[in-house]
Amino acid sequence: MDHFACLAPMTLFARCLSTPPVPCLLPHLTLVLPFPVPHHVSVTSSSALKLPTFDACVLPGVTTVLLLIRRHHPEMAPKRIGIVGYGHLGKYLAEKVKESPDLELAFVWNRTTSLVENDLEDKYICRDLENCSMFSPDLIVEVAHPAISKKFGPMFLEVADYLIGSPTALASQEVETSLRDAAAMQGLYIPAGAFWGTEDIMKMADEGTLKDLKVTMIKHPSCFKLQGELYSKNEQICEETAVTLYEGSVRTLCPLAPNNVNTMAAAAMAAHNLGFDGVQGCLIADPQLREWHIVEIEVTGPEIAGRKFSVKTTRQNPANLRAVTGTATYASFLSSVKRAGGKGPGVHFC
Ligand SMILES: NC(=O)c1ccc[n+]([C@@H]2O[C@H](COP(=O)([O-])OP(=O)(O)OC[C@H]3O[C@@H](n4cnc5c(N)ncnc54)[C@H](O)[C@@H]3O)[C@@H](O)[C@H]2O)c1
Ligand SMILES: *[C@@H]1O[C@H](CO)[C@@H](O)[C@H](O)[C@H]1NC(C)=O
Ligand SMILES: *[C@@H]1O[C@H](CO)[C@@H](O)[C@H](O)[C@H]1NC(C)=O
């Protein structure tokens, strides 16, 4: 028997019952619950409940009404989160998910589990991603490495909704196609990260009025985690002047800076008429910028009588030296996790 959750208006209880529900409608009864009520739950009259959407059951001889709902009811039951990767972000998320009444930890996977075992109860530890469906996740969140999506992304989308924390993986056309195809079953969710104005840019892309999009990221050299030629270019910076490390397509940039340009990958997915080849990315290392990560977004629209539509935003995120991820990013990622899921098949932003 699957678990059930008991509901009060708009609020979720702990899972508590597996009694087979006897369907009936009983408006205007006071809801009395025969078990301790968690502190974050308020109990009010059942008349406030939308009864027809639930299975209701009356215990014989008692004026007690229990409202039962299947665990996977998207609006009401806690969303079960599977976390893939247990680095900085994974650890933060696992903690926050456990604290949050509307989220529930389904599993945590890490490439090596030795240290995870000190932190987490055994019931949460997934040792083999192939078997992650055994943990019944509603949403799988990748916070490990772009390589995970290539290998497991389509499988994740068979099991649950999938939030791709490292969307730079999608710069590979093969990975993008395989995930878009697999998202015919469940939803693929892309965290906006430091990207601003996703909805507006998507609307322009839908209409075909988005002509250009450029995302510029400016950080202290120690805040970049780069590969190949960009790595050596960044290492050689010794003067106090800012250096442009890269300017060109986001497609080429993603494999060179996989941990830094998730925001640009999100931009390339939102600006789908331009895509990874059309959206421009620019990385600037500025030795004077010791306390901020800056992201500039320049949107260009159609030209009317010599005048071009344009929007430019500048996002200033407080960040410490050597921090690849700005402090506001953790909270923003958590809110993406909360917003993700339940929107059906296709690609969604959160
Ligand atoms: N979209 C966003 O807004 C956003 C924000 C922050 C981080 N991220 C991304 O999330 C991921 C994790 O970030 P973090 O700050 O926690 O990094 P981290 O380095 O602290 O943790 C990464 C974890 O994944 C593991 N890992 C690394 N390579 C792996 C591989 N090939 N296969 C399996 N596991 C691997 C590491 O051992 C570690 O446990 C990174 O890809 C990062 O780019 C995205
Ligand atoms: C997670 O796995 C990585 C190897 O990918 C390892 O270095 C790290 O210590 C592990 N983290 C924990 C908390 O076990
Ligand atoms: C995962 O499933 C396979 C077969 O489906 C099984 O052989 C393996 O033992 C399982 N692993 C775990 C950790 O349960």
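Keep in mind that glycine also has a Cβ here, set from the backbone N, Cα and C atoms.
Here is what TrEMBL says about this protein:
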type   : residues : note
DOMAIN : 85-188   : domain 'Aspartate/homoserine dehydrogenase NAD-binding'
DOMAIN : 242-329  : domain 'Aspartate dehydrogenase'
SIGNAL : 1-18     : signal peptide
The domain 'Aspartate/homoserine dehydrogenase NAD-binding' (85-188) [mean pLDDT, rounded to integer]: 96
For the domain 'Aspartate dehydrogenase' (242-329), residues assigned helix / strand / coil by DSSP: 23 helix, 38 strand, 27 coil
